[in-house]
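So the structure is just underneath, and the comments pick up after that.
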């Protein structure tokens, strides 16, 4: 560092010390002058000698330099005139004449230079900061040199200037030499010891050490090698920077030393052809110093392009054209123009640098002016933002837009006065850029002195080089660090959508969360496509210690600046659009997430439409995004797509000339005389269709006409060329001028160009809703352009100091409004200069009044956009049909027309926006008649379009149940009938809408097709009405097992059928086909085929969890068992090319008696085909062979003693011999028992050749025969068993077979397989025993959402299953992203248990809250309900399942989280339901369309006017649904409703609201209270009256059937009504009453069980039938079905009745022919069958059977027999001697 202190009094000056190294000639020059005076820089000595000669002087402002200044503070005195005056000028003297002088700073400088105080004058104002007066030259010279010395040291920034009143040429030469030496010494010191040079050298040393550390390592990995290469490149870049700095300093030294023959050796290392500075003429010390300062800044800033300066200049000097490729941030845009201006290369005239945007040109101009301040003359750098034919290019460096340069070219086709053109940002390949390149390409051959430089960050350099005559390419390497690329493609489908946000946005948020959790610190930059996605991502990203920031073009400067700020302790996560690709460089970015998508405006030549759509980025853009991560340190880029996707991307962004309308370009080319557009040499030629469509558009606009095959500009076309706007905007302006609405036309063009950014809709959900409310006040019913016009008109009427605040208050973008104002001013100037028209300053259009000007404006807009016409289709779901393409598109949600709730028949739009759907934006309504006033006429047939418009027809009189069934589950039936209608009429526009709330169907079809569609819908409705009338409930009469009668309870509360004979009524329908089946067609087909009546339908879930049974369509119940039997007797039905099969259903009864469903019972069986060798091998687990050997020594298997020995050839095998004909299973059972292990593997060595076996076909038949015979089920179907025997290969040891059973027969299957195990088939040898391996399988599928919610619980459950014996579970993903759990077991019980637990987990817990009525649950199907569920799911980490058909809700998750979610859902939904009851609707068929706007105008966007009048009420306006949400009491709502109704009646054409018709209940004949409409006939009743009718019917059996009481109706009340009106308890009572009535009216054919209160019913046997017993399943009593008494086998009913009447008669009848007598004592009847004549009665008496004598003991009786009767009556029979009499029981 140079010493910053002044030299001491007696020492040599700094300058003198430096002179020692200079040539002697210089020293002699100084010495000759020094002989007369002191050393020049010895300030102290000089002033000590000379100060006495001066008086105390003070210089006032505007003093005369030719005389001594007079003091304004002392009396005028005569002073000596100073010979020399040294002035200090402010650094920005030319720019400031009012800057306050820094008096203290001046005094300190004077003191530092030892200038006497009396010589100092400090003016208060002006460009002169101070002046010093001197009498002696030596003092003046020393002061000037000292002041420059201190300025070079950085002690002050004033510019010293000498004003000599006495001019001596030698004095000036001496001062020049002194300053030259001073500056030269300063330059040398900077080169040797400058602070910046030291830092750079340290940086070089540090990089070299890092490179050396890699060089010492061997075998570098690829990543490390790449890092080494990056460090070497960075080191070389720094070295080149230092070389450039030294070269620049040497250039300055050469200039300083080379003047006047003064020579100095600067040790040039090489002889450069091109000098970096073109310095000539007299020394400008101020400029030289600024050049030095700028070089020092360049060295410290380290812009990459600085290291390539000489290389660039040499290339431009030698070559006419150059392509310069440098990454964003390399300094191309600011430095190259300065390099050229400094060096003089290609700078003989002006240097023009073009930018694609005006703001960029202005910003760069300011930046270059700031950097080069003092280096050039004033106005060297300028900006020409707009073209003017009267202005010339005069500045040395000019920044302008490419559009502006094109205009200059059209004025001067030689570009006179321009020596170099720089096309910047060429990678954007804008339309103007490509046109400029094409025109300059031709110009270069005419002007060989013109230089062209193409600058770009990512452009295809080779393509540009080839186009521009194979010019040279120079790559400027940036300061990037290596970036690791990670390809992480998403698992979601490419086009899937969540809400209105595409799936890739969710993937970006997930990746950001993952990176934040797992990676080290560093900013995350994520690329999305739009403002909506960016804000959505910021809301969804929730992570600790992180802050989510948005970055998109609509943010204010302050909001954008937030991404550059630091947030201590928090990681920045920036979600940005492609604005962050090249426009901005954000420091600290280490991780980049590339979604791979970008939103681009594309012009489709086929349709002539400009569409803004989301598409894939190019490879160059992907690399540019990845490069964001390597600016300050090595980074990582996560690409959410695969490497294959990257390779398939376009190499570069498609040029704008292929993406936009070519109207502007063609106009300019025609103006230039280029008539053969197709042959013009573009860089990338547009497709011929685009050129043709552009010409057609220009013809339509009246700008071009075709004469003799040649295109010519019309007068209007020439005007459009001069305006330089898009033709449609120019046409808009010219059309308005014709109607004397010039102001409106100019403003319309300005706001239309900025339409997307004027309304500011940013922030969270509430902020956006507020912005929507604020917008309503500006909405105009004529469309968006009128709305924007009214906004600008009101904004322009405000004082300038109020405009920003007004924009903030109304959610408007103040920046966009100012941009519109600038555009308006530019257009006004352009119109006045180029078209010589006077732009009016007044408005003639009034947004608050409908006048003829509205019509004029709409006509002008239509003429300007005649090709962008759309017609309302008549169907909201289709929206509008674009006239030229027949596309169906919707109005954008931000469209002003939606604020009025109307869809105009005809609209004209600005462009098509393609996001998730396609939308019309910038829409204006017009009348149909205006199309006939267009000249030329529109390019489509408007009349034909109007004829094709869809008409609407309403179908009323249908109940809500019929409508719901008409729609089907998930609207499947409705979609099917729509599809049939479209196919029938060959019109894809046909639509059918069902409004259940209004009980109506709306049909949308053309007039020709309406009859067909109406007939189709009516047929379907009649089917549904018929099935609703026939609908029955299956009711089991009691709970239990055995024979349970089933009642079919149907309409009219009647029993339609009572099944007591155990015949089946319900069947399962299986559909085997790939196509989606129409349920209604299928049911109608079955009814016709079977000629039966269907009374109940149950459709299995479309995504049911038993995926193995996906062929099961559903279950239907027939009204008679004969129909059901007939359906099952047919093996299969041919239904539209697919197969239908019908099986009896075993799971009926409304859910209580359902048997569990299993997938097919699969058994694998095998039997050996090769005989055993008697030896086998036991494979042991590793390390356990010794313990196993110990367990199985002395082993006996069956009757065989086996020999055990260890296998010498294997460490884990044991050989077992002596097995005989034992099978593997028999041996393994014994081994497992002895070792108590289940991990053994045993196999038998079998002989080489197989024995003769029956054929596989014979085996199949035999197996089927045996298994089917063992099925114990009643009447099993023959196809319930399938057997497949596989053909064996030569080396197979076993025959194998697969057996599948019907899943409903799992118990029978298990029994049959158990009996089959161990059997031998005919034709097989005894050792060929069958081994059965039963495999019971089932599977459950859950969606990815449920799986992600219960993943941890599911894994725990599966792990527990793994530890259990008897079953296995495995989890696997399916092709559609769901997950399947497969259950496999060897018995049904483990399957059932596992499945039950899995179902409980995956199906979730149902919400059984009393407040969860169907009306409340229906809210979950709305958008608000869906958002509520998503919010709760996210907060509680649960998943909510909504059954839309049954209106039930289940929640999946842990028990604690389910409880929390249930509480929040119930509370939130109940609150929402309550709020819905307090809503005021602002649109409807009888409401004025502008009511919402009137409400906002009258009461304010926040409805403050209503709140002030209704105290305590909380209101919120929902502009999308036109609803005021009232939070308060019902009385408050009524007050608000009253105020709104009063406003609605004002100016309303509808007048007063008609009186409502009071409806009368047909039962009570009073006004309906709490009404209910019957489903069958839609008649309205009081609900209480209907309930009373049901109660009366239960008490009176004659009241059945229950019918509608409306006059002339008499329709039976259907089951759906009874379900809706009655509780389950009351419904059971009604069914019981109906059963009683049914039995009573059966004419004795049916009877209740004789047991009191027993609900069972049996059929009475006919006269010719025998009395079969009825065994009651409820009370287990046995009843004769003929006589209804106790069951009496072997006795006729008539005789049994007689026995019942006279029991003795039955005894006598029984005793006939039998040895029967009575006990003399107890009179019991005794029958003797065998034994002796001694009997003992139950009363204890011993009786002689011969004479009936009675004894008290046995011995006397025996004695009596022997004595009286000659023996006991037995001959040695070996029977007991004392038989006991068995009394006969009377019946």
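Note that Cβ sites are derived from N, Cα and C of the backbone, with glycine treated the same way.
What Swiss-Prot lists as active site is 1732, and the listing cites sequence analysis. According to DSSP, residue 1732 (active site) sits in a coil region rather than a helix or strand.
Swiss-Prot lists 326, 327, 328, 329, 330, 331, 332, 333 with the feature ATP binding site, giving sequence analysis as the kind of evidence. Applying an 8 A CB threshold to same-chain residues 6+ apart, the list for residue 332 (ATP binding site) reads 305, 324, 326, 424, 455, 476. According to DSSP, residue 332 (ATP binding site) sits within a helical segment.
In sequence order, 1567, 1568, 1569, 1571, 1580, 1581, 1582, 1585 make up the list of same-chain residues 6 or more apart from residue 1561 (Zn(2+) 1 binding site) whose Cβ falls under 8 Å from its Cβ. What Swiss-Prot lists as Zn(2+) 1 binding site is 1561, 1564, 1582, 1585.
In the three-state DSSP scheme, residue 1609 (Zn(2+) 2 binding site) is classed as coil. Look at Swiss-Prot and you will find 1577, 1579, 1604, 1609 tagged as Zn(2+) 2 binding site, backed by sequence analysis.
Sequence-distant neighbours of residue 1675 (Zn(2+) 3 binding site) (same chain, 6+ apart, CB under 8 A from its CB) are 1649, 1651, 1654, 1656. For 1649, 1654, 1672, 1675, the entry in Swiss-Prot reads Zn(2+) 3 binding site, with the evidence type sequence analysis.
Residues near residue 1688 (Zn(2+) 4 binding site) in space but far in sequence (CB under 8 A, at least 6 apart, same chain), listed by position: 1680, 1696. Secondary structure at residue 1688 (Zn(2+) 4 binding site), taken from DSSP and collapsed to helix, strand or coil, is coil. Per Swiss-Prot, Zn(2+) 4 binding site is recorded for 1680, 1683, 1688, 1693.
Annotation comment: Swiss-Prot describes 1719, 1722, 1737, 1739 as Zn(2+) 5 binding site. Under the three-state DSSP scheme, residue 1737 (Zn(2+) 5 binding site) falls in the coil class. In this view, residue 1737 (Zn(2+) 5 binding site) is surrounded by 21 other Cβ atoms within 10 Å of its Cβ, with every protein chain counted.
Residues or ranges marked as compositional bias 'Polar residues' in Swiss-Prot: 20-60.
Feature annotation from Swiss-Prot assigns domain 'Helicase C-terminal' to 507-673.
What Swiss-Prot lists as region 'Disordered' is 1-75.
The feature transit peptide is assigned by Swiss-Prot to 1-33.
The zinc finger annotation in Swiss-Prot covers 1561-1609 (among others) and rests on sequence analysis.
According to Swiss-Prot, the feature zinc finger maps to 1628-1693 (among others), an assignment based on sequence analysis.
Under the heading zinc finger, Swiss-Prot lists 1719-1747 (among others), citing sequence analysis as support.
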Note = Expressed in Å to no decimal places, the gap between the Cα atoms of residue 1722 (Zn(2+) 5 binding site) and residue 330 (ATP binding site) is 130
Query = Near residue 1564 (Zn(2+) 1 binding site), which residues of its chain come within a Cβ-Cβ distance under 8 Å, counting only those 6 or more away in sequence?
reply = 1582, 1585
Request  = Pull out the binding-site residues from the set 329, 331, 333, 1609 whose C-alpha sits within 10 Å of the C-alpha of residue 1683 (Zn(2+) 4 binding site).
outcome  = none
Remark   = Of the binding-site residues 333, 1672, 1693, 1737, the one whose Cα sits nearest to the Cα of residue 1609 (Zn(2+) 2 binding site) is 1672
Task = Compare the C-alpha of residue 1719 (Zn(2+) 5 binding site) with the C-alpha of each of the binding-site residues 333, 1604, 1693, and give the closest one.
result = 1693
Ask   = Given the binding-site residues 328, 330, 333, which one's Cβ is surrounded by the fewest other Cβ atoms within 10 Å?
value = 328
Message = Nearest by CA distance to residue 1732 (active site): which of the binding-site residues is it, out of 333, 1672, 1739?
response = 1739
Shell of the Zn(2+) 1 site beyond 1561, 1564, 1582, 1585, same chain only (C-beta within 8 angstroms of their C-beta centre) = 1562, 1563, 1565, 1566, 1568, 1569, 1581, 1584, 1586
Query = Which residue counts does DSSP yield for the zinc finger (1628-1693) in the helix, strand and coil classes, in that order?
reply = 14 helix, 13 strand, 39 coil
Ask   = Cβ distance under 8 Å to residue 1672 (Zn(2+) 3 binding site), same chain, sequence separation 6 or more: which residues?
value = 1649, 1651, 1654, 1656, 1658, 1678, 1679
Task = Between residue 333 (ATP binding site) and residue 1739 (Zn(2+) 5 binding site), find the distance joining the two CA atoms and give it rounded to the nearest Å.
result = 131
Remark   = Out of 326, 329, the listed binding-site residues, fewest other Cβ atoms within 10 Å surround the Cβ of 329
Request  = Within 10 Å of each Cβ, count the other Cβ atoms, then let me know which of the recorded positions 1582, 1649, 1654, 1732 comes out lowest.
outcome  = 1654
